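Copied from Swiss-Prot, the annotated features are:
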BINDING   LEU61, ARG62, GLY103, LYS106, THR107, THR108, GLU169, ASP170, PHE171, ARG212, TYR222, ARG259  ATP binding site
BINDING   THR107  Mg(2+) binding site
BINDING   ARG351, ARG356  DNA binding site
COMPBIAS  1-12  compositional bias 'Polar residues'
REGION    1-62  region 'Disordered'
REGION    13-222  region 'Large ATPase domain (RuvB-L)'
REGION    223-293  region 'Small ATPAse domain (RuvB-S)'
REGION    296-378  region 'Head domain (RuvB-H)'
Amino acid sequence: MAIISSRDTGQNAEGPKRRQQKSSAWRKEGRELSFAGERGADPSALLQPQAHPGEAQEESLRPRTLAEYIGQTELKEVLSIAIAAARARQEPLDHLLFYGPPGLGKTTVAAVLAAEMGSQFYMTTAPALESPRDIAGYLVRLKRGDVLFIDEIHRLPKVTEELLYPAMEDFRLDITIGKGRSARITSLPLERFTLIGATTRIGALTSPLRDRFGHVQRLRFYEPHELVQIVLRTARLLNVSTDPEGAAEIARRSRGTPRIANRLFKRVRDYAQVRGDGHISQEVAAAALELFQVDPMGLDWIDRKLLTVLVEQFGGGPVGLETMAAVTGEDPQTIEEVYEPYLLQIGYLQRTPRGRVVTPAALRHLGYEAQSPLPLWS
């Protein structure tokens, strides 16, 4: 019996006839989906958790202390203990690794840690550290207790990563001088510093690098009530009149992600200013987000397209990732890292050994109803 991987195949496990039979088990209730994004607009950009090029978050919106940091309660407790212990011993923090979907605040919490420790904060990204010279430039200028933050740390070049091993473990920088038989290694002592890494793909990190972090912590999606607090805080800092119901409407469509919540808030603010009196109520927020094609569950047209294609062309699945990408025209990595995490989180999609499967909850949300029993979930 052949097992078809959800990643390794671009073809669905079932033939056209079987797919047609399964698709006939479904009919759409009442309405058709309109993929407005295919007509030129791209409202889906609002819901992408990655920071947009040129998108700058006002520094005033960033929390500066753990007390100001909303959400991630368990993580904050762990970090507060680590900070208190390090302060008592008058030592730098152990190295930390944060992982989780984009937009959850990994960079922000790293900056908060540096501020809590009274340390200088240096920030870079792994793709910017192309050669050993790049990382060495940071390491040699770090003072005791300084924090070096590397985003997308899973993308470090191997030669750069290997240079970090002795730096993290023994606080020394090994430099090779010369070439061939005349080459020799010189070690330079480094000040005790704290390295904080952030990644959306912890499985892509090598074991030697991952094992050198004293703390490995996951950031989870935010609860709606936490996002309401974040939206109200943003409204207060930006001096925008917002009632709790309006904040709740924005929060529940924000895919559990603070970055998206703040982005949606700014678009609703624009709408309220132009179409209303500037006040954000529940009605104003709902009207604005409907205009931007963000539905009450936080799905955009691409989310609905992915789910609808699975239902109407493949009877709900299972479907391999490469097949989904080919049919929808989306990049496989984009589907896996941008769209799938939230669909999995809210229970609209399942991963199985044979591929992706749409759940009954997603079918109800999209307005489908079953005409016959489904073998694919049995």
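Don't overthink the numbers, they just go from 1 along the chain as shown.
Each Cβ is built from the backbone N, Cα and C atoms, and glycine gets one as well.
Positions of Swiss-Prot features highlighted on the structure.
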{"residue": "LEU61", "record": "ATP binding site", "CB count, 10 Å": "15"}
{"residue": "GLY103", "record": "ATP binding site", "CB count, 10 Å": "25"}
{"residue": "THR107", "record": "ATP binding site", "CB count, 10 Å": "17"}
{"residue": "GLU169", "record": "ATP binding site", "CB count, 10 Å": "12"}
{"residue": "PHE171", "record": "ATP binding site", "CB count, 10 Å": "16"}
{"residue": "TYR222", "record": "ATP binding site", "CB count, 10 Å": "25"}
{"residue": "ARG351", "record": "DNA binding site", "CB count, 10 Å": "15"}
{"residue": "ARG356", "record": "DNA binding site", "CB count, 10 Å": "26"}
What is the average pLDDT across the region 'Large ATPase domain (RuvB-L)' (13-222)?
81
Three-state secondary structure, PHE171 (ATP binding site) (per DSSP):
coil
Nearest-integer angstrom distance between the alpha carbons (Cα) of LEU61 (ATP binding site) and ARG351 (DNA binding site):
36
For TYR222 (ATP binding site) and ARG351 (DNA binding site), what Cα-Cα distance in Å is obtained after rounding to a whole number?
22
Tally the residues of the region 'Head domain (RuvB-H)' (296-378) by DSSP class, grouping H, G and I as helix, E and B as strand, and everything else as coil.
46 helix, 12 strand, 25 coil
Work out the three-state DSSP category of TYR222 (ATP binding site).
coil
Can you grab the distance from PHE171 (ATP binding site) over to ARG351 (DNA binding site)? Cα atoms, rounded to a whole Å.
42
Quick check: of the binding-site residues listed here (GLY103, THR107, GLU169), which one has the Cα closest to that of ARG351 (DNA binding site)?
GLY103
Compare the Cα of ARG356 (DNA binding site) against each of the binding-site residues GLY103, THR107, GLU169 and report the nearest.
GLY103
